[in-house]
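K.L.:
One structure, pasted below without further comment.
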């Protein structure tokens with residue numbers, strides 16, 4: 001039985017077990033990930049994040065082909081042990097973990113490329129947290145019908161890919177949002193081959209205040225269940241709401257989640273429109289746990 005040195009971290013309540021494995025020698029099994037994330041018998045988290053040098057794993061070497069400066073790879077695993085392409089909250093916490101453990105230097109205002117399964121993502125440190133360029137996004141997956149427990153009827157969703165798949169559903173009121181039971185997996189028809197995260201969204205009234213759009217959302221994350229926050233989900237929800245609102249909709253958004261607020265902005269680049277995410281990150285405590 002080996003010991004694992006870990007750090008518990010969170011971003012707007014989306015929490016993670018992080019550990020450094022520069023040489024790529026600690027390949028957790030699905031069962032070990034599940035045990036670490038168990039909130040009753042383990043540490044408790046929405047997922048695990050391994051900090052591994054990009055040169056030491058195949059996915060990292062692919063990231064280096066995209067950007068030779070992407071020295072570190074974020075190996076994210078969901079509660080069930082399945083790998084995730086990207087985590088918008090996790091990458092902010094991951095970057096803070098690298099800084100606090102002396103693995104990188106990143107003064108405020110500077111940017112660092114991080115390897116992920118969705119490709120390289122640029123992270124900038126700010127005075128109050130981190131901003132992440134999530135890259136290009138696209139409408140993907142059509143408009144599947146979504147059935148969630150305690151919602152009276154099936155609703156049309158909008159498929160959006162921001163490096164990982166999402167289906168966003170608009171609801172009419174915060175009361176309706178509160179009634180949905182996301183402890184159960186929402187049913188999608190048709191079901192995406194790789195599954196999807198599902199966001200339930202309520203636009204604010206008024207929608208836009210001082211040029212910023214406002215929405216409230218909850219999320220069921222594929223492989224993890226309902227979480228207090230999902231960064232890529234917040235981006236997908238803002239993109240979907242802008243799509244529904246039409247050409248006059250803003251490109252700056254404030255997304256309120258159970259765990260706190262995140263900022264989303266859309267901006268043009270040479271290779272098309274990108275979406276950015278901003279929010280806080282915190283390292284909560286360090287510890288050592290025995291791996292079964």
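Backbone N, Cα and C define each Cβ position, glycine as well.
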K.L.:
To which of 14, 101 does Swiss-Prot also attribute binding of substrate at the site defined by 78, 88, 89, 164, 197, 221, 222, 231, 232?
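P.N.:
Swiss-Prot names 14 for this substrate site.
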K.L.:
Any idea what the Cα distance is from residue 164 (substrate binding site) over to residue 230 (active site, proton acceptor), rounded to a whole Å?
P.N.:
12
K.L.:
Compute all pairwise C-alpha distances among 14, 78, 88, 89, 164, 197, 221, 222, 231, 232, the residues listed as binding substrate, and give the largest one in whole angstrom.
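P.N.:
Spelled out: the longest distance between any two Cα atoms in 14, 78, 88, 89, 164, 197, 221, 222, 231, 232 is 17 Å.
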K.L.:
Determine which residues of the same chain, besides 14, 78, 88, 89, 164, 197, 221, 222, 231, 232, have their CB within 8 A of the center of the CB atoms at the recorded substrate site, and list them by sequence.
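P.N.:
So the additional residues around the site are 84, 86, 87, 90, 219, 224, 227, 230, 233.
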K.L.:
Cβ atoms within 10 Å, counted per site: which of 14, 164 has the most, among these binding-site residues?
P.N.:
14
